[in-house]
Amino acid sequence: MVGGLKKPLMNASAVAKIVEVVQRWKWGPELETHLDKLQFLPNMVHVKQSLKIVEDVDAGLSLFRWVKKQPWYVPCDECYVVLFDGLNKGKDFEGIQKLFEEMVQDSGRSHHHHSLGAYNQVIQYLAKAEKLEVAFCCFKKAQDCGCKIDTQTYNNLMMLFLNKGLPYKAFEIYESMEKTDSLLDGSTYELIIPSLAKSGRLDAAFKLFQQMKERKLRPSFSVFASLVDSMGKAGRLDTSMKVYMEMQGYGHRPSATMFVSLIDSYAKAGKLDTALRLWDEMKSSGFRPNFGLYTMIIESHAKSGKLEVAMSVFKDMEKAGFLPTPSTYSCLLEMHAGSGQVDSAMKIYNSMTNAGLRPGLSSYISLLTLLANKRLVDVAGKILLEMKAMGYSVDVCASDVLMIYIKDASVDLALKWLRFMGSSGIKTNNFIIRQLFESCMKNGLYDSARPLLDAVHSAGKVDLVLYTSILAHLVRCQDEDKERQLMSILSTTKHKAHAFMCGLFTGPEQRKQPVLTFVREFYQGIDYELEEGAARYFVNVLLNYLVLMGQINRARCVWKVAYENKLFPKPSSLTNTSLGLDVRNLSVGAALIAVVHTLHRFRKRMLYYGVVPRRIKLVTGPTLKIVIAQMLSSVESPFEVSKVVLRAPGDSVMEWFKKPIVQQFLLNEIPSRADILMHKLNVMFPSSAPELRSMFPPKPIMSSKSF
């Protein structure tokens, strides 16, 4: 007032008056009372200037809240900016959050969007202060209010989430940024591309990389490095190499880490030529390969069979002062052993042990297998003892070596290795001893076989299959001295089948029972659930032996009991139209006895009942037909030979059965034994020899074709 007149007050004076009141009364009702009594009508310019002068943030907030109650209040972005700045300086983030909520409400009521800086300022302050949840919440509210978020705010938020290990949240913010008309700046590209690449979002990362170049922005080394590394690890080697070459075009020099990453990617993908080229590039660039890279190059080349390159790098590694790991030694050793290179494998083994390293079990197994296959028994023995001294259990490895010699039919070496095992206190299992015993039998080394049989017997493992296999050797033997040795070995088994064999060849006075009863008692003692196959095998071989010895009646008793116990599928059938006999699954002796026995039975039925079938056939298979045909031709049989059967009309057979010579033949013995049977056993049936049986443990049911 000037006199009685009202005159306009200058802005500076108005601001000074407001500041004076605020600084004196600070806050509360008294402040608002004095502000209400101002002698002029303030405006938002006065308020904005006053807030900039008042240093007390609480006082400034009190002033601002009074202003918001006035009818002349107009929402002002700059006022919020000043207040947020003051709260940030005082680290009052709760105050910032509270004022932000007021600003959102204010914006909603007035439909005024504070887009010039206040929203962005709040988010940036909170992001820099690492207030993750609050910053993101404010970001979402700002978006909901339609506020335009600037590039710096996006950058600060993405940096916050990336630093907190939450790349997917950062990518969500990036996707929000893409939907606006905001442009990525160089720092955003530098920030987001490596993060996208490392998180596996390679297509998005590469798209931004291309976009960055299109906008003439120069990618930094970290952008190139992240793409080269991530593309390589993902197996996208062509893209990785393209970015690598492009990086050099921008003048960036590859780092040691980048070389390691590239070499690793190409080596793991099996592209060893490129890996080796990069390896040479790395060394020519002045970088020294580290321990891990040497190891990887050596092992990858060794496993690929490129042993010369692997050994060359291995020597370089030793010259560089690195001590290879047991894994590297083992890889080289096993690959050289697998390729049959004895000298190289032994050099690596000696180098490894001289370095004080302990070879692994797989390395020892590979080396021993190699030495066994090369028949280096003495060297293998030395390695096995060293393995034992290292604390390994060697029984299994030694047995594996023994089995190699057995399967290779190197019986002398197998026996030598077994003696070495015994002198070194190394044990093997009964199954392998049994296999070696059978190999000795096959090669006629009966003197060596007998001690092995003692070992099998002491373990209680002599079964009917083993006994029968020895009997099969006896059947084929044509040397008297060897026959005596085989008889001695049969006796050594102490198997119940041997007592049966001895009783079978004695007279009824000594047995004190008929032969048929004696045979039945023996077969009643067999556990057919467990030994049916073995019993079938025994019958086949036993009948061969009995036929060759001329013991036809005994042979017929054995066949009859075997037939009664259903050891063989029912071989014969008789109807009004046909008669058939199938002997394909029998041994020579068993087939001959089966034919004679069955024809005798058919003869009695046909003559007694007068039933004459239209045709009669004997199914023999391609090998047995000649033996049986020759036997029957000696008594003028009407059977004709075809591919796998002998055939004859029923009437012809009926007439043949009536001849006295046929009755005598069917009742007594098989003629031409020496001329036919011995020849056929040795020439036509080599597969009947026991040496061709499987090297694996006998199955519960043996094939009836086994001899």
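Cβ coordinates come from backbone N, Cα and C, glycine included.
TrEMBL labels come from automatic prediction, so no person has curated them.
Note that the structure is a prediction, hence the values are computed from the model and not measured.
Counting residue by residue with DSSP, the repeat 'PPR' (150-184) contains 26 helix, 0 strand, 9 coil. What TrEMBL lists as repeat 'PPR' is 150-184 (among others).
The repeat 'PPR' annotation in TrEMBL covers 185-219 (among others). Outside the repeat 'PPR' (185-219) by six or more residues, the chain places 151, 154-155, 158-159, 162, 167-168, 170-171, 174, 177, 225-227, 229-231, 234, 236, 239, 243, 250 with a CB less than 8 A from a CB of the stretch.
For the repeat 'PPR' (220-254), same-chain residues at least 6 beyond its ends with a Cβ under 8 Å from one of its own Cβ atoms are 189-190, 193-194, 197-198, 200, 202, 205-206, 209, 212, 261-262, 264-266, 269, 271, 274, 281-282, 285. Feature annotation from TrEMBL assigns repeat 'PPR' to 220-254 (among others).
Here the repeat 'PPR' (255-289) has a mean pLDDT of 85 out of 100. Summarising the annotation, TrEMBL assigns repeat 'PPR' to 255-289 (among others).
Annotated repeat 'PPR' per TrEMBL: 290-324 (among others), in sequence order.
What TrEMBL lists as repeat 'PPR' is 325-359 (among others).
Per-class residue totals from DSSP over the domain 'Smr' (581-657), listed helix then strand then coil: 43 helix, 14 strand, 20 coil. Taken from TrEMBL, the feature domain 'Smr' covers 581-657.
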